[in-house]
Each structure stands twice: as structure tokens, then as C-alpha cells.
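Structure provided below as C-alpha cells; questions to follow.
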């Protein structure tokens, strides 16, 4: 009887127990203890392998197809294969011409060591100036390309120019593949990667500058940054196994260092990434150990880059190093306080303040004790850009007039909207951002948050990799809203984030949980929408934009610039080998590439001396006397002067941004405050007056060649005064 009563009591107690307290653990234990049939296990493994294989195949194929597309488009645009070598080289404009010219110099060098020495002690480019071209212009891509070209015996198979641009196009393919993988890692489906690639190519006017200037440093560097972001995304995932985590760490280390070597401004972009990781760690949204391992990669890359970039002091005084040092020190000073308490929350605030203060302090101290040549003109430019200062300086105003340094135009947003990218990006960003805020408040209030977020939770903001990308895209977007040129850093990740969102069931489930959807099964609807929405977007993009892409490849364009070809031909045939040419920096870059002759200035804006040279040489388009111009040119040992009609007779679209207008402002020949009223100048504009061939201009300059676009004058060594 006692046993029966005991059983009855036990049975009653079980009946009274709430299902939420006992049923779930019982189910989980039952599921764990239930052996998985061998057939089912094989099927699951085969399904995962097939999904992984198809995704990898799609990612690699997308990258290869994009690289082939760029190659075909470049061929059609310039009719490249049917051009002579001189005409091909003219297609490299401005600073791109300088980069490719040094690649040519490396191939002509008798040995790799000799080529390196000539570049690091270069006195054959700019008159009266010896420069370390490798350090000043970040020529590591050209060094690598020249070594690979000669080591692989490619000189017997392919021409140097095709090998050079082929590497850049191949890197763009890697860029697209990395974006594909990042979106795939975040969403769990390779369909998101396909949509990312589609948006990237359709909006390529705003995602890359590869069509306008192939050898730009960012075209070499950003593919490595995309690989680093993909590896970081995988590294931050919570459910990552040990081997995958190690692979992501190694890939992240290699790509971070390579990115830093390829681009002189790379540490600024990594600084924004470090801020994103700091904010991620500040709210305990990720294990601190992982984040601090990334900080160690930054430290290693900075110091190794400092040593291999000829002790580049810019890396030591960079804000990235100061921030990482402050973060490391702040971690050492942290106290072990129980999470969720008031003291813990106060410590978070104190830690945030401590890091900000230490970062500024370290940066000031480093600049005090480390000799450096910081780009002071960049800080002055930002002051003028944001209205903190006014200036009449030619260089500052010229930079402000550049289209890439203006605020984004309405056309930019219109293009992104027409391709449906911007609306979906805003939707995804709002949902992810609000979910992140929700998770942060739960953390601050001490509520427990699951480490592994499931689909049923509807909490996409709880995933650390999502939080990182939300913070990072907001930072990049804020900069792109100020300076249009920075859109090339932001827009690719807009494509990736928008594609991830519409293909992610978790994002739709998060939205449905907020809406408290009950009429339809929210999980089923989220799965359906994550497949249906990207499919509809894909078909609409295919229908509207695919014919345009095919039309671009079918149309045979022609790059025709006979005046420049004639000028370069005349220089190579008639000018002495030791001659020095003066003119606009953009033209000087082309002359250095096409002829190899020495010039007085270069289209580079990271050196104060070169900036001053550019401003002085541009005086040929100002209202200065023949004697003043003669003194300026002879001070740089110039033998020939080239006047460009396009600059002298420029009709600018932006008011007050013509070169001659900016020179008049800098020289005090025009007063802006009085409605562009000209002040008295007894000299006419030099570029006009010198063409008339009367005294005193003919005393200093003798015209030796001209065509429709260019006028070449020999600078007289012995002045002959004529009446």
C-alpha cells in the first residue's frame, strides 16, 4: 500500500509539473540519446557536401566570369589588341601612367636587384629630385608582377601590358568571390552570393574604378581587404569548429598584411574596422579573446609593414596603432566584475572613456617622438571641406573641386535605387540595427542572451558577425555621404549586406516576431520568402540589365587621341635624351610612361614638395609675366614647356573650378567676395600671350612644335632680346 501511495504521489507531481519546465529538457535528452541511422547520417553529410561544393563552384565561377567580362569590356572599349604599343600606353591616364612606367622599368632592368636599387634611388623621373619610388608610390604590386612575369617565362607567351592588366582583372575576380563568400557565410545560402555578384556588376560604376584607371592602388589592395573581411566574418561565427577557425585566422593574417603593403591608406580603413570590433567587444557581444586576437594581427602587420616599407613612420603614427595599443592596455587594467551588475555597467563606460583617451594620448606622443612626414595638406583639406577654415591656396581649392571629393550626387542614389539595391539595403540595415540595439539593451540589463542563435529565436542581432557588419557599414556609409570617392569602399558591402538580408530566413523571422505574426507559420513563411524574394529580384535584374551588359560587350568603341600620339612621337624623335619637360602633372605622367624623358612634376598628392611643384608649374596658365614663368621653369632645370589648349581655354562645368580661375584666386587676380570682379593685372594670361610670338615672350621661349591640342616651347638658355 505504501508503495502504491508513493507511486500515486509521484504521478500527481508529474501531472502538476509545467510543460515548459520539464518537457523541453526531456525532448532534448531523448533526441541526444536517439542514435541517428547510418543512412540518414550519410544523406545529411552528402547534402552538406553537395551544398558546399555547389556554393564553391558558383563562387569561383562568378569571379572568373567577372574577370573575363572586364577583359572583354576593356578590349572593346579601347580596341586594345589592334593598337600599337604607344597608343595602348596612352590609355593609362594620370597616376596610372606612373605606376605602369615603373613596371616597364623593372622589366628592362638587367637584374631584379638592380631594378630595385634604381627605383629606391630614382633620379631619372623628376628633375633635381631623388625619390624612393617604391616607398613613396607603394610599388610593391609592380615589383611582384615583374618578378612573376619573368620567373614564369611569360615573356615568351604574353606581352607585358596584357600580363599586367590581367593580374588586376584576376584580382577583381577574387574581390567578387570574396564578397560572394561573405554573403554566403552570413546567410547560409550561396543564393545570397549570386545576388551580391549581380548587384556588384550592375552597379560597377559605383562599386569599382577599374574601368577608369586599372593600376590604381585600391584596385590592387581592396580584393585582399575583401578576403580579410570574409575570413573575419567566418572567424566571428559562434558555431565554428577548431580547424575552420584556424584557417580563418591564417587567411585573415595573410590578407591583412598584404592589404597593408599594397595601399598606403590601408591603415585608415583597418582603423575603422578596429573601431567596429571595439564596439562589438564593448557590449560583450563577442568573446573578447577572439577580438583581441584580431588586434594582435594588426600589431604584427603594422610592425612588419614598418620594417619592409623602408621604416615607414606613417604606420607608427597611424591612429590604428594608437587605438590597438590603447585597447591592449585597457584590457590589462580591466577588473573581474560579475556581469550584469551596476558596477559592471559602470566599468564598461569607464573602459570606453579610457580607450578613447589613451588612443588620443598615444597618437600625440608618437607624433612627438617619431620623425614623420604626415600629409598635412590632408588635414587642411578636411578643415576647409567642413567649413572650419577658409583658404585661397591653389592646391586646397583644386582638391575641393575634384568630383571624387565632393558630396555624393543625386545620380548616385538614383542609380542604386533603379537597380533595387538601395531600398533593400535600407530595409535590411534597419532590421539588423534595431535587432542589435535590442540585444545590446538585454546585455546591459543583465539578461542572458543565447550564444547560438536559432531560427526560432528571431534574433538576428545576436550574431556577432552581423553586429560587426552593421557597425562597419554605418561607419563606411557615413564617410561616403561626405566624400563621393569613398563610395567605392562602401557600395560593395552594400551589395553584400542587402543580398544577405533578403536571402536570410533569420532576418524575415526577426521581422515576423516583431509583427507577432500568428495567422501563418512564421518559420515556414520566412523560409519561403528567403527563397522567393531573391529569386524575383534576380529575374527582374536579369530581364532589365543583362541585355545592357551584352550590348556593352557587342559595341566596339574606339579610343582615338591622335594629338597625344603625335606629341609623344615628336618627343621620342626630336627631343634630346637629357631634356626635361614641364607641363600639367597629368600630361607629365603620360610623357614619363610613353617616352621615358624626365619631367618637372608628377600627378601625386602625398608629397608636399611635389604639390608645391605642381602649383608652380601650373602658373603657366595664370596672369604672370614671361620673366616670372621663365624663372620658375629654369629653377627646375626645364628645357621644354608644353601648353595644353584644353586647360588654357577650359570651360568648366563647376563655377570657379577651372585651373585658371583657381590660379587667379591664389595670385590675388580675382576677388571672390565681390562677384568675381577682376582686379588690375598688367600681364595677360601667359598661355594665351606666349602663342602670339611677340616680345618679351619670344625672348624666353621658342615654339618648336604644335598641333590642335598642344604647343611645345623650347626654353631659351641664352636670352635674346628682340624689338
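Every residue gets a Cβ built from N, Cα and C, even glycine.
Automatic, uncurated: that is what TrEMBL annotation is.
Below are the features I grabbed from TrEMBL:
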REGION    1-32  region 'Disordered'
TRANSMEM  52-73  transmembrane segment
TRANSMEM  161-178  transmembrane segment
TRANSMEM  184-202  transmembrane segment
TRANSMEM  297-330  transmembrane segment
TRANSMEM  350-370  transmembrane segment
TRANSMEM  422-441  transmembrane segment
TRANSMEM  466-483  transmembrane segment
TRANSMEM  489-511  transmembrane segment
TRANSMEM  523-542  transmembrane segment
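I'd like these features described in context: how deep, what's nearby, how far apart.
Long-range contacts of the transmembrane segment (52-73) within its own chain (CB-CB distance under 8 A, at least 6 residues past either end) are made by residues 165-166, 169-170, 172-177, 180-181, 184, 190, 193-194, 197, 200-201, 210-211, 549, 552-553.
Listed by sequence, the residues of this chain that lie at least six past the ends of the transmembrane segment (161-178) yet keep a Cβ under 8 A from its Cβ atoms are 59-60, 62-64, 66-67, 70-71, 74, 85, 88-89, 100, 103, 141, 145, 148-149, 154, 197, 200-201, 208, 210, 214-215, 219-220, 222-223, 226-227, 229-230, 492.
The list of residues near the transmembrane segment (297-330) in space but at least 6 beyond its ends in sequence, with Cβ under 8 angstroms from a Cβ of it, reads 120, 132, 134-135, 252-253, 256-257, 260-261, 264, 267-268, 270-271, 274-275, 278, 351, 354-363, 366-367, 370-374.
Residues 278, 282, 313, 316-317, 319, 321-323, 325-327, 329-330, 333-334 of the same chain sit 6 or more residues outside the transmembrane segment (350-370) yet have a Cβ under 8 Å from a Cβ within it.
Long-range contacts of the transmembrane segment (422-441) within the same chain, counting only residues at least 6 positions beyond its ends with a Cβ under 8 Å from a Cβ of the stretch, are 283, 285, 413, 416, 449, 459-462, 466-467, 469-470, 473-474, 494, 497-498, 500-502, 507, 510-511, 537.
Sequence-distant contacts of the transmembrane segment (466-483) (same chain, six or more residues past either end, CB-CB distance under 8 Å): 186, 232-233, 236, 272-273, 275-277, 279-280, 285-286, 385, 404-408, 429, 432-433, 436, 439, 460, 489-491, 493-494, 497.
Counting residues 6+ beyond its ends, the transmembrane segment (489-511) has Cβ neighbours under 8 Å at 175, 179, 182-183, 186-189, 191-193, 195-196, 199-200, 203, 206-208, 222, 226, 229, 269, 416, 421-422, 424-425, 427-429, 431-432, 435, 453, 455-461, 463, 469, 472-473, 476-477, 479-480, 522-523, 525-527, 529-530, 533-534, 537 in the same chain.
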